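Listed in TrEMBL:
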- Cys482: active site, proton donor (ACT_SITE)
- 59-327: domain 'Orn/DAP/Arg decarboxylase 2 N-terminal' (DOMAIN)
- 352-428: domain 'Arginine decarboxylase helical bundle' (DOMAIN)
- 557-606: domain 'Arginine decarboxylase C-terminal helical' (DOMAIN)
- Lys86: N6-(pyridoxal phosphate)lysine (MOD_RES)
Amino acid sequence: MVDYGIQYWANDDFFIEDGRVKVNYKNSPALIEIVKKAREDGYRGPLLIRFPHLIKKQIEKIFQSFEDSIKENHYKGEFKAVFPIKVNHYPNFILPLMELTQKRCYGLEAGSKSELIIAMAYTNANAPITVNGFKDKEMISLGFIAAKMGHDITLTIEGLNELETIIEVAKTMGKPYPKIGLRIRLHSTGAGAWAKSGGFHSKFGLSATELVEAIDLLKKNHLLEQFMMIHFHIGSQISDISPLKKALRESGNIYAELRKMGAKNLRYVNIGGGLAVEYTQYENHQNRNYTLAEFSGDVVFTLKEIAKNKKEPEPDIFIESGRYVCANHAVLISPVLELFSQEYDEKALRLKEKNPPLIEELYDLYNSIVEKTAIEYLHDSLEHMESLLTLFDLGYIDLQDRSNTEVLVHLIIKKVIKILKYKNHRDIIRIQEQVQERYLLNCSFFQSLPDYWGLGQNFPVIPLDKLNKRPTRSASLWDITCDSDGEIAFNKNTPLFLHDIDVNKEEYFLGFFLVGAYQEVLGMRHNLFTHPTELSVVFDEKGEYSIENLLEAQTILDVLDDLDYDTKEIERRLKQKLEESEEIPDDSKKEVLGQLYVMLSENGYLRTVFKGEGAIL
Ligand SMILES: *Cc1c(COP(=O)(O)O)cnc(C)c1O
């Protein structure tokens, strides 16, 4: 895998040219150039780069696909969509999203009071707002206020008690009322890691019995005309299209039946989110078995069939796709700080006058290794290492011998890789698990890739340059948290190879792609590493890009303040301890205090910078 499977996951958003990853838009800048530009301005540590043009691209794709399917099927309903705010709440995403979709019927979906406030402030005029999730009286009143502000808002109720509260609030707050939606509890379920949102035992929605009761309640309270939408959501990242088709048939029939029960204003079927993103870098490991065109075609066709059979009008189609809209707009860039075996070079070898025989043998292996014997010698040396470590445990060899063992084995591994470099890749693959290198990354997986930690979700990873050289090191990735879970281990079924580089001589950056959905707000501040420094790359008409909305990772003091530490008190205590210290001479106390204050106002990621040629200090 030299192209890192870019044809599977990149969606044509990025491509490789001249050994570098480039943005497939306008003047096609290389990602490494954008990163260097940000670093020239002093920003260290990980970077989260947003590309607003990719937000627009996804929205256009979804609308185009549904519009095509509607045309093909001569479907009479319309297509509308909302973005579920929970998938990315950040202003540097939401604001461009609303600006770029002004000409579309595209609004926001809220699941909490805070999200509803965002929706009320930023939804474009005439674009819809939908509200899902559990609601109290205050939240329902907020919905009524939104309606009075002129928003096209639908409150989707999750249970009968919410409907009772709506009836109560309607009496006190009066017209205009918000639209009312009912979330239906499907007996069909989704598939995959996020399937729990559907199914008979799902956390959400009304059963058939409750639906009948809801219609009665609405009728009795003269609110039936406000009931306009049914809603379901079978879970995120739908890998297989068949559960969706089942859910569509079930909900389509519920739509028709509710209309026959007198719900004459019911005309929206909201199919929730779940459209999957392809994350894989490997052939035959695809995450979904359908295309967007198939998805929209199935939705339109199924609803059309049911409407025809039940002689009801074809409903407008609403979707709440989140992941598909925003995953690809953000890329996490992490500098590589260290390769762990780097210190094992010949200089570190301190052979004695007389060495244990196994070490002498290792040394001979190292010197006499050639292509034909490479694999055999490698295996011999690994066996010798095991024996030598046992000898150490038993007290027969000393620490210097043990160090020589480590160094020699690493030297042999490197030599084998070098010798086999131009040979069939299979030979390297055969030994890859034994010879893997650990790359230390200046980022936190807990903060920036929480779904990797929590759900084992893989994100495509690729070096930003050197792609015209074959990577030879099988790699495992370590973040800088002190947690052994902060590791992306080498997996021989989906192997990652990286370049053998000397980080003292050159910089090396890895990009993690498709991180724009869910990762940011789910990210946790384990070890108090905050969000990475983020920026947006915006293109002008001439095709040039500029860096906008730069937001640096939080400073150490801000992080502590967020935890409710009294930061003034922290500063005071540090100062006092410094002044009382007898170890620091009085005339340098001021300087040390100055250093401390500078550090408190910087972010907590590692700042150590490479000092080789072309370094930006
Ligand atoms: C989370 C959620 C979505 C978004 O799902 P995606 O898989 O990100 O498209 C849509 N609707 C509801 C009700 C949700 O809870």
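Heads up, the Cβ atoms here are built off N, Cα and C, so glycines get one too.
Predicted automatically and left uncurated, TrEMBL annotations should be read as such.
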Counts of helix, strand and coil residues, the domain 'Arginine decarboxylase helical bundle' (352-428), according to DSSP: 61 helix, 0 strand, 16 coil
The residue listed as 'active site, proton donor', number of other Cβ atoms within 10 Å: 8
Per-state residue totals over the domain 'Arginine decarboxylase C-terminal helical' (557-606) - DSSP helix, strand, coil: 35 helix, 1 strand, 14 coil
Whole-number Å value for how far Lys86 (N6-(pyridoxal phosphate)lysine) lies from the residue listed as 'active site, proton donor' (Cα to Cα): 29
Residues that sit under 8 angstroms from the residue listed as 'N6-(pyridoxal phosphate)lysine' by C-beta distance, when 6+ apart in the chain: Gly111, Ser112, Glu115, Gly322, Val521
